[in-house]
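*Asks:* Okay, so Swiss-Prot annotates it like this:
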ACT_SITE  104  active site
ACT_SITE  180  active site
ACT_SITE  181  active site
ACT_SITE  258  active site
DOMAIN    94-424  domain 'Asparaginase/glutaminase'
């Protein structure tokens, strides 16, 4: 059965991409709109005609409210984009590899469902933001095209190897286009897997898809490319520093977290200050002087990783059954998001003792995110320490999860696991708690 919008388009000879003038009846008023006809969403009821206005936004007009429609220009077939093996290069510019993994920075609207889907190749992304060619000679490479919720540890390994390959072949830096939802996990993973890092590795994404007027994709990519040729030889996340298009912040890969579902400045450095502010015009203001500096030497990949690691959140009413299930299923490590300073219910402690006795590494973080785990303050914490829990200082739960998987990839000796978890490898542990970083 045809929907109303399908019949309307057929009756008036409308095609997707046609430029039309629509007269809409609204009470006694008549309102005129001009725009491009968009494909009807497959899953919509089909009661509206969708057109894209010249400001880039889409509007839906009820079919029953349309008093007249005129085709101003029929859609023209879009020219096919030509792809070349070698993109234009300029003498004297540094070289940057862009690794494409998907995500919103490389996405378009799927008009069949109305959802956002990964779409651009790395080359399309580079061509969509020509400003980056004035910053560096760009070598794009598409590794995979997924949304970040589909990211897996095996993909982290591939990204790490491709990044190291580029850096060891005389590239000046690497930019990784990545979805924002799990970008913090990937940034942490690369921070541990890329050893002896001598050049910048920058993860970048966007909160608004590339075809939206409010997209932050272009500015984020420009700023990310600026940081990729900078002096900071760190794994960084570069995203908007505030909601307007002024500057981006470069966050250390082990201390950064997505803190808002939709704001463009969603990423925050937690328990730490960002490495730098970076403006699209190339200005960089370093906010700290202890960042790793660009240097010489070959980047090494240490991608050993134990995937049987889980995060367990503590909440009122939680029982030890969840923890026991993980132990019985052969998990090698458990990161607990404890309450406050790092606590669990007292009746869960026997299950934790059993887990440790069975060789399972149990680590404690705080679901507060800000602040530091301290198991020496209250009796519950002291019991957890006695049970063998490893307090993870001020590490983010996500970072602790990634680090524990990486550590267990190297050893299953719990004494060595404790030593490695409490060793600061990539800035994941700050030496003291800074009070000026709370909710900044």
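Easy rule for this one: first residue shown is 1, then count along the chain.
Heads up, the Cβ atoms here are built off N, Cα and C, so glycines get one too.
What you see is a predicted model, and the numbers here were worked out from it, not measured in a lab.
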*Asks:* Take the C-alpha atoms of residue 258 (active site) and residue 180 (active site) and report the distance between them in angstrom, rounded.
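*Replies:* Taking the Cα atoms only, residue 258 (active site) lies 7 Å from residue 180 (active site).
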*Asks:* For residue 180 (active site), just give me the three-state DSSP call.
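*Replies:* Looking at the DSSP assignment, residue 180 (active site) belongs to neither helix nor strand, so coil.
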*Asks:* Mean pLDDT, the domain 'Asparaginase/glutaminase' (94-424)?
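*Replies:* Looking only at the domain 'Asparaginase/glutaminase' (94-424), pLDDT averages out to 93.
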*Asks:* Below 8 Å Cβ to Cβ and six or more residues apart, same chain only. Which residues does that give for residue 181 (active site)?
*Replies:* 147, 148, 149, 258
*Asks:* Around residue 258 (active site), how many other CB atoms lie within 10 A of its CB?
*Replies:* 21
*Asks:* How many other Cβ atoms sit within 10 Å of the Cβ of residue 180 (active site)?
*Replies:* 23
*Asks:* Please report the three-state DSSP label of residue 258 (active site).
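*Replies:* DSSP assigns residue 258 (active site) to strand.
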